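Undergrad: I'd like to ask some things about the structure below.
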């Protein structure tokens, strides 16, 4: 494998990073809304978001990408693969992050909400100033764990036809007939992205476990 | 906008889609069994007194957990023939699923083994039971209970990731649906229906797991 | 001591420990321990934490291996082969600080497990025995419940019944009331007192000095892995011989 092929992989890597960042940031925003709706105490909202989460957790990411990709085209929104995959991954992330954060919001002791209420704080301030800061701290290891899942999940964009790292690897592999070398390098590139995050997540988890003991 | 939904190709393809569901179940169940074997073996090696073996297991787990399954399945697909092993796509996919699920199972089972207090072991021994009896009668059930939720949700994830085996054309639901899609161009209709199928498959899996949990692990804990 | 006296002593003794030594790596946990416990005798072992008292009773049923000296239980030499260890464990009951009931079994099943699996008793016999003993520790109405549904004091009484179901010749108690809320200590101590009155041979590691005064034939004080002093309770409490014993008693009685 030559220099040109490696540069091609790196361009694919750039798109993998871009896809991960966009999907994670948009997924965080949408996921927060999902989590708040899921814990709102309003039965209808809770049911709808519970169903939303169950659908995304009960179907393969690949199918979610297909349905979003062709579904958007169907309702007349013409998008290139990059935008469609971003939307698909964002929805996927919003459901998983929504569920992770629901758990951490519920893990904040009830007394915190009660104390905030007793201090005459309204819902917005109760969440923003009291509950969420604690919930985010609790959720951090799981959130980082999901970020790793998401980065790995972007590889499925290659099946939909978007040229990120894995598809770049496929293309090169078909050109130079060295699949082991190419997918080995592709794997290493993913590993270099994900492993530091995994280690950081495990470190946070230990730190958190030690501080609550 | 004048697109009208047409599910005719889906309805025509229903028999092959339904039998493909069995293919998905087959991949998933074989993958789970292999993952369990790898998980138990990995935990045993992980406790080994030989440092190199322990690091081998740690390295294996981290490599698998930090790379995409799609890349793993491609790698295995191309690497097996080089090692002189010629297999059809479906057995190849089972091996890939087992290896991937096994890495997660190692971490989960290890946590379960660590969760059992030394006191339980001692109480059994003090009552005159043999080590094997203590493991079988006293340790096993609480340990299984401890790992059951994470292990089964990992198995549901494994079931969902069988769809990725379509990338090497293993026989399962997604690859069959891709064939119907490319014949009919009714992409949305096909994938929407198949998504519902997957939802049912994972729901059935979860019900089965919950049934066993209620049956075998329903004792109260603090 | 004449030969005849040694013979008589040995046949009377339920437990003899002679020159027992134990190491954790380089750390010596027990130094040359000699104890003889006669049948029906009640011993209270006390001492500061880390003094080796728990280690000592855990050697008697071989939860800890000892490296030096010998231990005999009911005349049997406690070696290191699993056969003699199992034989000794069937004769010796143990009650733990953390109860260690099996969470996945009901109270009744907890009591029946070892008689069926280790003694080969029939299920019906084991159940009858278990119900009798649960009656004796006054907890028979909880037989179908799981450990997590009981209070700490109730759990510990079940643990006592579970050990008694093996019809042991000796009962070992490893700080049985230390993990209990104060209001539950009495119910467990009352159970132990009743057991003592029936003539059970008992070795209790405990800081309950009221229990020691009332029940013990001898109190043994340990420090740094060795026996410092042993005496009948009246003497032990009124006239301790050693400085370390006095200091320990001052701390523990002053606290109460």
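Cβ atoms are placed via backbone N, Cα and C, with glycine included.
Straight from TrEMBL, here's the annotation block:
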- A:6-37: transmembrane segment (TRANSMEM)
- A:13-201: domain 'ABC transmembrane type-1' (DOMAIN)
- A:49-75: transmembrane segment (TRANSMEM)
- A:135-160: transmembrane segment (TRANSMEM)
- A:180-203: transmembrane segment (TRANSMEM)
Undergrad: What parts of the chain pack near the transmembrane segment (A:180-203), using Cβ distances under 8 Å and only residues at least 6 beyond its ends?
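TA: For the transmembrane segment (A:180-203), the nonlocal Cβ contacts are 1, 5-6, 9, 13, 16-17, 20, 140-141, 144-145, 147-148, 151-152, 155, 165-166, 168-169, 172-173.
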Undergrad: Short question: which residues 6 or more past the ends of the transmembrane segment (A:135-160) have a Cβ under 8 Å from it?
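TA: Beyond its ends, the transmembrane segment (A:135-160) has Cβ neighbours at 16, 19-20, 23-24, 27, 61-62, 65-66, 69, 81, 84-85, 89, 92-93, 96-97, 100-101, 103-105, 107-108, 166-167, 170, 190, 193-194, 197-198, 200-202, 204-205, 208.
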Undergrad: Under 8 Å between C-beta atoms and at least six residues away from its ends: which parts of the chain pack against the transmembrane segment (A:6-37)?
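TA: Residues packing against the transmembrane segment (A:6-37) from afar: 45-46, 48-49, 52-53, 82, 85-86, 89-102, 105, 127, 147, 150-151, 154-155, 157, 162-169, 171-172, 182, 185-186, 189-190, 193.
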